[in-house]
Every structure is written in structure tokens, then in C-alpha cells.
Amino acid sequence: MRAQPKASHFIDGEYVEDAAGTVIESIYPATGEVIARLYAATPAIVEKAIAAAKRAQPEWAAMSPTARGRILKRAAEIMRERNRELSELETLDTGKPIQETIVADPTSGADSFEFFGGIAPAALNGDYIPLGGDFAYTKRVPLGVCVGIGAWNYPQQIACWKGAPALVAGNSMVFKPSENTPLGALKIAEILIEAGLPKGLYNVVQGDRSTGPLLVNHPDVAKVSLTGSVPTGRKVYEAAAAGLRHVTMELGGKSPLIVFDDADLESAIGGAMLGNFYSTGQVCSNGTRVFVQKKIKQSFLARLKERTDAIVIGDPMDEATQLGPMVSTAQRDKVFSYIEKGKSEGARLVTGGGIPNNVSAEGTYIQPTVFADVTDEMTIAREEIFGPVMCVLDFDDEAEVVARANATEFGLSAGVFTADLTRAHRVVDRLEAGTLWINTYNLCPVEIPFGGSKQSGFGRENSAEALKHYTELKTVYVGMGPVEAPY
């Protein structure tokens, strides 16, 4: 098989196999080919991984942030040196075009290692608090063993986004990738060892829905970081709460992207397409509710159709391909069910909605799809589809669109396109979301915090802010004189 790893799991610095686990077949979405066969972690494998992480963490935490950061920066260098190899693996794992993975996936992971490796000495600090004769100080200390649970849309990126802040803060990690995309995280673990990371600090275990509870409920786990759906998030949160564990969650969204009539039309359409079709629409922060002011609705839709129909769909390994297949048959079928629901509820299909003609019949392809005349109560305007389906809604004025944009249980992201920056800042202040863009969309450099509100989760990935979620504050009071007691 073309992408078979040495073994299913990576624990304590080496590959580990246990064929007693449930079989996981890694399928290349473009052709339906089985490219690797792995095994889900048994309870014994989970125990082995957590034991390794627990054993290795104290010595790692005793190292200086500079020393820890140096190893992460070396891992970033190795990832960049092997960007082509890692990008091709990511394409096999996910079906995303190589045109995309080579600029957005391993490189983003490398950015994370480099960023956190660089800021650790300055960011992992505390405060000095004078108290007259006495004084106090605070320091940030690691939590211990952290569990990362990844999603299938950006497997390598997520493995790094969770691993980098955890490791540089002095923690160890056990990472479980999605069973749909099991391959990339194993390579990340290999590279970290090559970069000099001590054994046991970054472990990868494969698994399905039954594996998560084994990790989350383990008494030696101090922290859980999840990227996934809202239903999964609720289950993980409930389990983690029973053990009073630290939790951060980046969950789903149904984000609004608002286009006012003074916006640059081409830029707004470009932003809407990035926010709906990149990664074949499988991005949690996508702006899938595109609100267009009525004055420009027809011109917006006409040009949007032209540009959408020109998207190149095909073999993900062809660098000319702009849109690849869905990650799995199950996900494609789910998206098709939403398309049918949109039609039946009265939305107007502008373009797409079917299977492209020029692709493998065994691939999980779907055309980029645009619906117009969508109303707020329609299913496709309320539920996260997680596929290349854009819903265009129209609006009259600012107050109306802000109220409608906020009328959702989600709060991950939002975007505003307008030439009036005063209005832009006023609108984003009123939008209920954690990550917002003005006159662009879906740009997430590691320097800025990323995360949501409401049912879209809590906590933040990236930026120095992320380190707060992988450390806790220790306060030390220093008495400088005799102790006075009333007895």
C-alpha cells in the first residue's frame, strides 16, 4: 500500500503495533484506494502512551523554555525541508489538492513550532507584586499530560497547533488523529524525535469514537484539547468535567460573511469563495451564510457563478487542480443530503449540486455549490454542512443584517466586506464571534488567537494566548519579617 506507515502508533519515541485493535483503513478520497491499514488503540496501547508521557514530562518541564524552544524550532526547519513529502502525504490523507497542501498544511504546522519555540522565553513569565515589606510573584507552570484530539480537515496542522504550545510550556502530549486521516501525525512525531525531542513527550495513538473516552477519562490526564463537532465537544466536555480537567475546544460554526453594497465586488466574491470552497468546504470557520446587500445581489451572483464554474476540479496530485474530493463517502453523502434539503425547502440552485464529470467514479467528489434566495429558517442556513455549499442571503440595512447574523447557536467566525472602515469596526464589535475578518476571510496566521464563542467552543489556539491554556498560574507570597499571630 502506497502510504503504509511502519506501525499504527508512535509511543515513547518509536513505532508500536497492536493488531488486537479495530482495523482502520486509510482511503485516498480521489480514487477510493486503500493506501494504509492501521489498528485502533486498545486500552493497553492507551495506557502505554499515557505512561510514557507521564514519565517523560517532569524532566522536560525542568528544562529552560529556551532549550525546549530550540527543539521545536529545529522541528520547524525539518518540516520545511520536507514540505513536498509532507504535503503529498497530506493530499493522500485528505484528498485536498497539492496546490493547497503545499502552501497551507505542513507550512502552517512548521510556523506553529517556530513561533512557539521563539516566544517561549519571553511569554512563559510571571509578575512581581510589591506588598510593602513583603512581596509576591507569579509563575506559569505546565499542567502535565495533555491529550489532543484532532479533526480530519487539517490533520498535520492540528497536530502541530496542539503540540507546539503544549510542549514548549513543559507538558507532554498524547495525540489522537481522526480515523479518517491517521497518517500525518505519525510523521510529525517522527520529526520531533529527529529534532531532539526526548522520548515519550509526543505520542500518537490511532482510534475511533471508542478511543477518545479512554484518553479523556484517564486519571493521569490534566488537559484535553479538541477540534471537532459540537456533539463531540459536549461529550468530551462532560467527561473532562468529571475529572476537573482543563479543556479547550474548537468546534463547529455557521459563520456569517456580510457584503455591503460599497464593497469591492471582486474581493468580496474572492473572500466568499475562500470561505466556502477552500479545502472543499471542510473548514470550521467558513463563512457559509453570505449576506449580500440587495442593491448588488444580482451582480454579485452573476460574477460568483462565473468564477465558481471556472474552478478546476480533478486529480489532487495535479498542481493545476483547485478543488479535490470530500474526505470520505460518508461526508459526501451528508453534503448531498443537505443540497437536496436546500432544494426541497425552496432555495434556488445557482450552480453545482452534483458530481463533476471529469473525475474518478470511485472518488468522493462534489461540485462547488451556490444557493441563492436562502432564508434564515432554512436548514442549509442553520446547520453546519461542512462541504462546498454556499448560501447567499440578501439584506436591506446594517441593523437587520447584524441581528440575523447573530441569530445562531454558533459563534466561531464572521467577516465584513465594506469600503467604510468605520462601519466595519462598528459591525464587528456587534457580531457575536471569536475570530473576525474585515475585507478578507479565513486567514489564520499563528501570531493571532483563533477560536470561538457560544456553541463554537472556548479557549484559543495560536498566539501567546494559547500558552495560558497549557499552563496554570502559581502564586508565591514571600514574607520578609516576623510572623505576627493573634495567639
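Quick reminder: no glycine exception, Cβ is built from N, Cα and C everywhere.
According to Swiss-Prot, the residue from Gly132, Gly133, Gly252 that belongs to the NAD(+) site alongside Gly150, Ala151, Trp152, Lys176, Pro177, Ser178, Glu179, Ser229, Val230, Pro231, Thr232, Cys284, Glu384 is Gly252.
Annotated K(+) 1-binding residues in Swiss-Prot are Ser26, Ile27, and among Asp93, Asp105, Asp111 the one listed with them is Asp93. Considering only the recorded positions Ile27, Leu244, Cys284, the Cβ with the fewest other Cβ atoms within 10 Å is that of Leu244.
Of all the recorded positions listed (Asp93, Glu461), Asp93 sits in the most crowded Cβ setting, with the most other Cβ atoms within 10 Å.
The 10 Å shell around the Cβ of Gly457 (K(+) 2 binding site) contains 28 further Cβ atoms across the protein chains shown. Considering only the binding-site residues Ser26, Ile27, Asp93, Lys454, Gly457, Cys284 (active site, nucleophile) has Gly457 as its nearest partner by CA-CA distance. A separation of roughly 19 Å, to the nearest angstrom, links the Cα atoms of Asp93 (K(+) 1 binding site) and Lys162 (active site, charge relay system).
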